[in-house]
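**Q** Next up is a structure, given as structure tokens.
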Amino acid sequence: MASESEPGHRRRCCAHDTPDGPKAAEPQSDSSGPRRCSLCDRHCAIINNVQGDLSDLGCHLHCPRVPPAMCSPSCCQQHLDEVCESCMMKTTLTAENAVEANKLSNNYKFGFKKWKSHVTARPWEDRSEIVKELYSDLNVIRSSGGSTMTCGNVLYLLLFGWWLSLLYVLLAAVMLLTIVGAPYGQLCWDLAGYFLWPFGKVIQKVEVPKSRRALGACEASTEACGTGETSPLLSGQMPHRWHPRCWADTKHWQRAGTVVWLCLGYPVLVLAHGLVCVTAWLLIVLIPVAKLSTRTITSVLLQPPEQVLIRRLKMTEVPLEGEVILCCYHAVNLYYYKYAVDGINVFAVNLLLLVLVTLVLGYVDSHNHLTSSSVKFTLALLSVMPLSYYIGMAIASISAQSNFAVGAVVNATFGSITELTFYITALIKGSREGNRCYAEIVKSALTGTLVGCVLFVPGLCMVIGGIRHQEQRFNSRSAGVSSALLFLSVGGVFAPTLFSKVYGKLVCGECHNVTQNPLGHYLCHNCHFDLMDNNGTLYYSHVQPLVYTVSLLLPAAYLIGLFFTLKTHSHIYDIHISDCHMPGHHHSAVVHWSRWQALVILLLSTLCMSACADLATEHINPILTNSTISQYFIGVTVLAMVPELPEIVNGIQFALQNNLSLSIEIGNCIAVQVCMLQIPILVLFTIFYPTNFMLVFSDLHVYASMFSVVLMNYIFMDGKCDYFQGTVLVMVYFILLAVYFFAPSPSGC
């Protein structure tokens, strides 16, 4: 059995042990104290995960291995502080199965991004009725469907119902004129009324009786077919059809009418319903209409016409027998934002169309005949969001199905691929054009990511989580490790900048004598420290070696931090994976993506990300030259925060679950990777591919970054926070954005 202090190990809950179950273990003599049962785990879960407050805790939660009836108030008082302090020092995470537990354990380690996506399918019986309804087929008859006169159903009528019904009427006339397709004409006529208002109606497949299928029986029953007959199954008169028993003796696909239908009517309806399906799917809340159209194409329109029966549910007095093909009550369901396809959220699925449009427009319309450069830049930047989601999902899937070493390599390699692809393509383009503005944009984006992840991400999570929870607690020691490493990384990144301020030569673009005296005061503009004076002796002999030294020390410090938190001081991240939140349920994990499938998706997403980054840098120049907004502001906002939107959503979800430790770690890990991985990689890239990128930042970047790290460290000292402290962080972030907005553009841009 794994030791108590081993991070990421799974603990079995013993809250459900019966009196006849295993006896408690004997007290051990080690100095770590008595081993606590899962009662303490439940205590910690309430603090970290459960949406309740500490007042809900009973005395029995604080007394290990003592029955609640024997627990005295003095016992509660004695163990209260000890247990609470222990719970504040560890993080209890809840996992449905071993795969999810492995993902949580591997991805919570220091320095890795916290991917929120589930990599396994949740058991069907554990889902809510609302979610079950989202995945149900439209062939279930409810006992009481409620009123069908709703705003969503009226919206269907206005968007799709009227023209679908008109199309079916036209096709009914065409099929009737063909004579042999007359049964399909009758079917189209019936479906015209159905699709005008399909709610509260049912399409049923009726089996034709085997008796009297011969031709003579058909001729003898012509009168019965013409006058109609009653059926107890349908509790009413069977609608008139074109002698269905006469058609029943011939195979459906060998009929001349079926061939005419497949050539004239069916292709038109496939196009119409396909258009309805795509439109409804993109609108998400109308996905029931998309299911309705899909089931019509694949099932209803391919049935023999004499076996398709359309009835109103209110006319049915007895339960329907036979196969129900379609039964729809509502066109709109607002909960479809939770819908997922193979574990992928429906929004991410729909945004793949945006990626496709971006790539087609970007590489086909290279001369901007269809759209402008601004539109292409916007589309390329927005395409980064779904690709970041797929990259994160693939990393989480690989990490969940692998050991920690493999997960760490994949996370460290691809965790920053989104930002690095944009930075490298921008530096390459700036080097080819001889434009140093691209290097300044990259520096602004790096600073914007650092400031946003230190102030905005945790601040927003505190505000949203504080609305639901009055006070939230987090692991202050783990946050302290990240804060200390941020101090180190910020100091290392800006050390060349401070060096250049001390030893560089101040050069100004334009100076005016204010007093008209040669010895008087001068007013200068566009001043900067020149490092290339005397053939760049200062830069090449002093600044550049310092940059290389810092670029080696920062990754080394990152590795030391990993060794510290994962090996020697793993108790700081005392992670406990609890699988007892659903008593009596033990399900085998069904993984959405296998390791190879996740690897293929990861590589394809990275390739598409590189293409979108190339398009963004290709079309950003008109925005930089024609926009009146400072390039500083564009870099620290749009280019820095748009790729981090999936991480912001993850942090908010963790905060709503009262798991603020993960929300804070999301911002800290991104900031640490910016300083200790991304910047050294960019410096390493400039060695092999010379660019205009120098690790010397403007004063504004230095002051904003240092102030942000100091403020974050001050807020995180006590290990607890509320919405007010989060508001402070967010407001400071917006103040810095205002400073960047009104700041002049970098010199030379």
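Even glycines carry a Cβ here, placed using N, Cα and C.
The model shown is predicted, which means the values in this text are computed figures rather than measured ones.
Among the features that TrEMBL reports, domain 'Inner membrane component' is placed at 151-201. TrEMBL lists 377-494, 598-740 with the feature domain 'Sodium/calcium exchanger membrane region'. What TrEMBL records for 1-36 is region 'Disordered'. The transmembrane segment annotation in TrEMBL covers 154-177, 259-287, 344-365, 377-398, 404-424, 445-467, 479-499, 546-566, 662-688, 700-717, 723-743.
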**Q** Please indicate, using numbers and ranges, the residues of the same chain that are 6 or more beyond the transmembrane segment (700-717) and have a C-beta under 8 Å from a C-beta there.
**A** 443-444, 447, 450-451, 454-455, 458, 474, 476, 479-480, 483, 486-487, 490, 493-494, 497-498, 632, 664, 725, 728-729, 732-733, 736, 739-740, 743
**Q** Is it true that the transmembrane segment (546-566) and the transmembrane segment (344-365) have 3 or more CB pairs under 8 Å, sequence gap of 6 or more?
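**A** Not in contact, no.
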**Q** So if I exclude everything within five residues of the ends of the transmembrane segment (662-688), which remaining residues of that chain have a CB under 8 angstroms from its CBs? That is, six or more out.
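**A** Answer is 91, 108, 110-114, 412, 415-416, 419-420, 423-424, 427, 442, 446, 449-450, 453-454, 457-458, 461-462, 465, 474, 478-479, 482-483, 485-486, 489-490, 492-493, 547-548, 551-552, 554-555, 557-558, 561, 644, 647, 650-652, 654-655, 695, 716.
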**Q** Mind checking how the domain 'Sodium/calcium exchanger membrane region' (598-740) divides into helix, strand and coil residues in DSSP?
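**A** Per-class counts: 117 helix, 2 strand, 24 coil.
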